[in-house]
């Protein structure tokens, strides 16, 4: 049946439609307009909608049979259009309407408008104009109540216009008081005043709000009752001396005097009080021969009940009454307006009964965590609940809807019913959980807290319950994972991959690597989903660090550590390997390398790079991989007193870092110092000991012990003495860290053999890079000389600047006394995965194709070699790479021949690039040092921020470089004050939200404050990007390409990319169209290839306490200061109006207004800069 035929049937069979009553204009918008239309259509009536220009996209406009713009654009404000009485009446007359339904708010309680409607020959769907005069005005309503003998709250005898009258009342009755708009409701024009000094400002704001919302600034004052219940009675009269009640509603849950949750009937109201309230409500309505629907409102406390007012209109919360009585209030309104009596409607008091309970929650676009600030924007996702006992009344809630700051923040009314209050409550909670709204902030998390609070569950709430219960505001973060991931995928579609460190464009069309199959010695497939074999971590967990170390020492054979998950990709791929690709191979690795000493997978550069460039949380990486590999120890690189940073930190930061790392799964801590400075090492060692980790104290190797004449500082005796100092600190394992690959086979034999002879029970672990190509031979020599553990990388991730080849070493020692216990076939299986992975990451590969024996001259660490090559190319020095290497050696020489590993290697590298860029030789640097502007890292090194180098500083050069800067000649962190972690948490939660900061986040922020802030910003925008497969992380989707992203076990998103929209030149944005789980979805992204035509407003920097940002979106309606004015913190700067709510914005600090970036009627978004204050 076509729609027209359906509507015609409804009309022809309607008992209410007649020649004089067939078409109704709804003088309202949004939800209530839609509500009236639905019932009007059910009754066969035609509907006419009106709208302001700013409201032209609202759903009520096109749901009506006809719709008309109230006035030309700009004639009225967005709210003012709905208050334009003459224009609205003219539209109704011109379109031959028989009736006007005012809804609630706007003109619904305006007697003058009602008279104009009736004077034009139309029906007013509401009380008579004179009744509105008597009851719509709260002052007159009090007089009616007094005449009926109904108790009222003490208040002014009539409306007041001057502050002196308000002061006189307060002097007589005391505080607190409440100022109310005489006209209207919904909490508009209401202010509670508890102190005399707040009276004048609150009085002015209440009058201004009332005038803006209702066109009438009249107010009155009442004594404010503490903790009363707000009970209202639904009334219905036919204007023929017949009045009934439809029982009561409990509307006590409010904020800013606007109802948030309503319940019918009131669950805990005493029966005698209920009967008295119902009787008083009917008494007042009969006194004025009430016509149509209305609501009598009362406050109830321990001493009794007090009449407040009658709202002569339909209420927002009428839905709960409909659900428990089975009556359609809008239908009854229209019938009565058409002339029907209650008798003709078969309604009498004895025929009205209540069945069960109903609860209504107002879902609004407000942020309860920010004082219920209204939010604006586009709804990106709207997925509503449904089912038995679930009702939705909305008007602007749909995907793509634009929420503006012009109107009320109500998005949708959710009403749930049940046989008992508890059943209705549980149904409501389940519906809120099911609801999905994205793109704008809502109060749904707050409503969930409310519904699960003990006080609400007992039905004992009062009117200030929300303000009195801070626990309701414990923020629940909605993850919004799908939309955030779409934001990233859309950004890549529009702008390509923007991950820093690319040396070439990512190759399109690459697939995720295939996970290999493992076989046991008999050729059977190994099921890697099953628990892996026990490994060395089981020994550690069962026996503790000391016994673990001795078990390693007593083990027959050489153990290996796989560096593929950390140092290998740091050296080859700029540390860009993502968690996703490690996770995919993790279970296979737990079986293939079950006899490995450890997996090096954390710490060092991976920590900050994960946040800085990959937008991943390093702690999440650790947690996730630990669950997948329970049997193999995890090793991390700890830079002694520098933790995983590039500078010194307060001691308690290092201790806390080690504690958290151990708790989250790190077992072995390779503790080193970039200068072999024992005092820095000592701090790291003690921090690991306190965390109960395995202490692998490490000697960084440089020079050549076989050639003391060439390297007189780094002799065999030097290293043996250093080892003795470390052993005296009660370490578990000794690490030898050859950062550059300088350890030749003969040197390995000498060094390891001498250490073994001196310390026969000490486990020795050798790490080296393979830049020169002699790595496997050197490690073989080390093993033969007594090393217990060596570091290797899977074949395709080995060699050159990475670690020596695992397959070669494992194969060479098979079936010997030094057998590694790792299957060569298993290594080859892993290698097949990493071959594909390295190709996937080839866009980060700087192209070091072969060994480079010049490392014996420049001594550049392997990880730095590739990074410095990339940096040189970025700085335009790529063609001068040979010069850079020579300059590196020269910079090392004039620094005094350093141990070179992060961060000391960075000092030498920065120095080298500085020399090449400025065409300086070492001698020229020495001559001109007092006048040159050196890199910051070089200056801080010579100051002593990294510690004391072997043999001390070259003092003459040091003095010339640091000049008047302070010198540090002891451990840098020793004099630092402990970090106040509690204060840091408060600061971070102020910025990122209450409850949002974990203990590990505090550590991340302490080590890398700026990087952590940027990471948090990226995560808020894009979510957890580690969930996205790497091909999609690096390359844009193809049109109609469908992908799957697993959010968690059992939850998978199916995403299809549809199209990239045209450029919006004004904003330089594009819409990107997707389908997600079959539903259309649009995200808007910046096109970074162009500049917007419209200049964006300056944003306030939340870290600058002297900058004042807009607390919410809204229009500037009043400015109270000028540039140059002196202000006190909190002093009013301006007044913002949003959704008919005014907010006074106070100065952020004492000082002078330095700049004022606003004007009257400016539209601000939350966070836009209002002004800056120059402080003393």
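Any Cβ shown, glycine's included, is placed from N, Cα and C.
According to TrEMBL, the protein has these features:
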ACT_SITE  313  active site
BINDING   138, 222, 257  ATP binding site
BINDING   567, 737, 767, 769  Mn(2+) binding site
BINDING   639, 902  substrate binding site
DOMAIN    20-471  domain 'Biotin carboxylation'
DOMAIN    142-338  domain 'ATP-grasp'
DOMAIN    558-828  domain 'Pyruvate carboxyltransferase'
DOMAIN    1096-1174  domain 'Lipoyl-binding'
MOD_RES   737  N6-carboxylysine
MOD_RES   1140  N6-biotinyllysine
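All features noted in TrEMBL, drawn onto the structure.
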{"residue": "138", "record": "ATP binding site", "Cβ within 10 Å": "24"}
{"residue": "222", "record": "ATP binding site", "Cβ within 10 Å": "21"}
{"residue": "257", "record": "ATP binding site", "Cβ within 10 Å": "18"}
{"residue": "313", "record": "active site", "Cβ within 10 Å": "28"}
{"residue": "567", "record": "Mn(2+) binding site", "Cβ within 10 Å": "30"}
{"residue": "639", "record": "substrate binding site", "Cβ within 10 Å": "26"}
{"residue": "737", "record": "Mn(2+) binding site", "Cβ within 10 Å": "24"}
{"residue": "767", "record": "Mn(2+) binding site", "Cβ within 10 Å": "28"}
{"residue": "769", "record": "Mn(2+) binding site", "Cβ within 10 Å": "32"}
{"residue": "902", "record": "substrate binding site", "Cβ within 10 Å": "24"}
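Shown in sequence order, 155, 178, 179, 180, 190, 220, 308, 309 are the same-chain residues outside 138, 222, 257 whose Cβ sits within 8 Å of the Cβ centre of the ATP site. Nearest to residue 222 (ATP binding site) in space, judged by Cα atoms and limited to the recorded positions 313, 567, 737, 767, 769, is 313. Annotated pair residue 737 (Mn(2+) binding site) and residue 902 (substrate binding site), C-alpha to C-alpha distance, rounded: 12 Å. As a summary of secondary structure, the domain 'Lipoyl-binding' (1096-1174) carries 0 helix, 40 strand, 39 coil according to DSSP.
In sequence order, 563, 738, 739, 768, 791, 803, 862 are the same-chain residues whose CB sits within 8 A of the CB centroid of 567, 737, 767, 769, the residues recorded for Mn(2+) being left out. It is 60 Å from the Cα atom of residue 902 (substrate binding site) to that of residue 257 (ATP binding site). Within 10 Å of residue 138 (ATP binding site), counting C-alpha to C-alpha distances, fall none of the recorded positions 313, 567, 639. Ranking the binding-site residues 567, 639, 767 by Cα distance from residue 257 (ATP binding site) puts 639 first. The average pLDDT computed for the domain 'Lipoyl-binding' (1096-1174) is 87. In this entry, ATP is bound by 138, 222, 257, whose most widely separated C-alpha atoms sit 15 angstrom apart.
Residue 767 (Mn(2+) binding site) sits 15 Å from residue 639 (substrate binding site), taking the Cα positions as reference.
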